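The structure appears below as structure tokens.
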There are 2 protein chains.
Amino acid sequence: MPRRLVTSNTDFSTAFDDLINCKSVNRYYINELVSRIIADVIDSGDLALLDYTRRFDFFDPIEIGLSIDNAEIKAAVARIDSDTRKSLELAVERIENFHRRQLPKDFEINEMLGVRVSMRWSAINSVGLYVPGGTAAYPSSVLMNSLPAKIAGVSRRVMMVPTPDGVVNDLVLAAAHIAGVNEIWRIGGAQAIAALAYGTQTITKVDKIVGPGNAYVTAAKQHVFGKVGIDNLAGPSEILVVADAQNNPHWIATDLLSQAEHDPLAQAILVTDDKAFANSVATAVEDHLVTLPRIEIAEKSWRVYGAIIVTQSMEEIPEIVNRIAPEHLELAIADPEAMALQIRHAGAIFLGRFTPVALGDYLAGPNHVLPTAGTARFSSALSVFDFMKYTTTVAADPKGLAYLGPAAIKLAEMEGLSAHARSVAIRIEQP
Amino acid sequence: MPRRLVTSNTDFSTAFDDLINCKSVNRYYINELVSRIIADVIDSGDLALLDYTRRFDFFDPIEIGLSIDNAEIKAAVARIDSDTRKSLELAVERIENFHRRQLPKDFEINEMLGVRVSMRWSAINSVGLYVPGGTAAYPSSVLMNSLPAKIAGVSRRVMMVPTPDGVVNDLVLAAAHIAGVNEIWRIGGAQAIAALAYGTQTITKVDKIVGPGNAYVTAAKQHVFGKVGIDNLAGPSEILVVADAQNNPHWIATDLLSQAEHDPLAQAILVTDDKAFANSVATAVEDHLVTLPRIEIAEKSWRVYGAIIVTQSMEEIPEIVNRIAPEHLELAIADPEAMALQIRHAGAIFLGRFTPVALGDYLAGPNHVLPTAGTARFSSALSVFDFMKYTTTVAADPKGLAYLGPAAIKLAEMEGLSAHARSVAIRIEQP
């Protein structure tokens, strides 16, 4: 059974803290292994990649090569049926449309006083896109990672995807093809991150690595951070559904299960102000669970991390949501926009009774790579910003220097930085 | 002597690689110590802070307290002379003006098809601002860290500043006061970062930590990353000056020294197409060095990390700059804008002969917290973006669901995620 919390109970505060903290993981063992893998890739390059791929993905890459070539990609694309292809293309169109709107604008402030300052955006040269394989391969993740990079203007987009037993998912390759990925390697785990960050004999290192992965991939990203850029550290998926009693409990149950089926560590939480409705949803979850192909995963997630929170009123709910800062927030209520205005921390919000999270997972337009484990307090979905950086400029003429110089000299002197002061003063004294 | 590189020499490529790699630091010892400090702060809270402050900052905080109170701040502000105060206020005005222009805009795409998607920016609730103390205390860093947070709308802005021997810099407190910092603690090093990330009995944890510090602070930030947000990992300062022979060598020499005087590990590089000019600058640097109060620091930096690169033409220079991706780039040439267009990677560019970096350090407007050690390849100056995050929203009505649903179901099925498919299908079947 998922845990039950009732806000009017005296133990609510303790139970709620337990809920928020239940997902902390001991990472010591992982960090040690990941450090070793990264060191091996730095030292032995391709040989280490071959070795770890044999050990973790159970196939011999010597026979088929670590790189996935154009012929293989074209063959995969050819095997995709036209319905699937059209669905992918609709997703591409909508994701591109949304992310294009994110493109930031340069600005310049040109003062009459002889000082011009500006902010100029540019794309990162090369990025690594990690795409999880294994228990499920996600073509949608390929689109969500690579399209923002393409729109940002990143010229080299390198995809890493593990292929357990050497089997590549046709749809993953088709998605990469449609999204314009430049290079694809059948490498996963910490070794893929190390190859992207440090390069090997055959793989040229990149400037930044993005994309969610398992705990090893995440630990490796944290390890190489600084050497290259990384996006957020991804944790298991989460959904928080706020639902009143006017919902069909089966609809809400399938929403909860749509996160639970991702990962035994995923977390699905229902928050409702109606106890009877909470019971109906719990029953509906059981009904749907038994008919799900991924019952084993979804059941573990629901039993261990699932939760139902019953409040006394709708007014209590925004604060609960803000404290959890969920990755996905569904507001299946009469006036979802009114509640959304009270939400300060959530990766993505799905408004109303007809907006299951799955729409956003695939093709609503916004990115599905979202901040997890409460990190929505300080971070956001993947976006074109993750693939860009900016340079600021300052240009002063003698008049501008005369205007700003004295204050700069004063402040430099107060900080005891006399060469700073001198670099300004010397230009004013003898212009 | 600083190293000399000549692009026409046969060993240039090797010498250039050495230059780029000369700043790698072995962080093993640091990481171990930093992990211990963080664990102590988690376990013992304030007691650990008191203990480490006694050991590293050589004063007993029991007597004066870890917090810097309003009376102390007001007294410091009162001691500032009016010229300094006016200089600070001019800096505040210009920094605010520049950063206000960065504020991002929300957008919504409202399709007639029954689907609305949006992107909505909001401020982070609370941030920690680390301000280095020690060998030099920098009020300018207080402004550069706290003003973007204020403009972004962060409500709780907590400053940590080490105060060796218990001595606080009046100007640092005055800057914090003018910039509207809410809380100030006289705590530095890894222990300050740990207190911000995990909280103690008296210090409430924050959501994100920004600001440059020494190697311990940087290692600690990397350590707590994920638990809280952080900005870039700061390294020692760098300047790269591109100068033709038309410059006054003394002007260029003071620019190089203005970075060298920051830190023995700072790096100042001159790139010029004129060998005779290179020699004049080298001589001028020696002239100025001997009269600098911070000669010891500047000399170490210039001798060990300084470099002069002589090219055969100006055309060779942009590629050299892009490979270094310097923190500060000064273009003291006839047409700096033309060369700036060819620069893909630099933290901040200072255009023309009358724009010493020191202007930007204090009050030109752009931020002086910049990406170091080549990280300008993938990251940018501190900005209001560092203090904001966004939430995306999706809202579909029955028509929108009918439009997007079939493709979402198809893609979910192809990924083997049947609860995803079901959460959409169940709403279409029985709307």
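Just so you know, glycine gets a Cβ as well, placed from its N, Cα and C.
Listed by TrEMBL as binding substrate are A:Ser237, A:Gln259, A:His262, A:His328, A:Glu415, A:His420; the candidate from A:Asp170, A:Asp207, A:Asp361 that the record includes in that site is A:Asp361. Listed recorded positions: A:Glu327, A:Asp361, A:Glu415. The one with the lowest count of other Cβ atoms within 10 Å of its Cβ is A:Glu415. Taking 8 Å as the upper bound (exclusive) on CB-CB distance to chain B, the recorded positions A:Glu327, A:Glu415, A:His420 give A:Glu415, A:His420 in sequence order. Put simply, the two farthest-apart Cα atoms among A:Ser237, A:Gln259, A:His262, A:His328, A:Asp361, A:Glu415, A:His420, the recorded binders of substrate, are 56 Å from each other. For the pair A:Glu415 (substrate binding site) and A:Glu327 (active site, proton acceptor), the C-alpha distance works out to 44 angstrom. A gap of 12 Å separates the Cα atoms of A:His262 (substrate binding site) and A:Asn214 (NAD(+) binding site). With respect to A:Ser237 (substrate binding site), the closest of these recorded positions in Cα terms is A:Glu327, chosen from A:Gln191, A:Asn214, A:Glu327. Following the DSSP three-state reduction, the secondary structure of A:Gln191 (NAD(+) binding site) is helix. If you check the binding-site residues A:Tyr130, A:Gln191, A:Asn214, A:Gln259, A:His420 against A:His328 (active site, proton acceptor), the ones with a Cα inside 10 Å of its Cα are A:Gln259.
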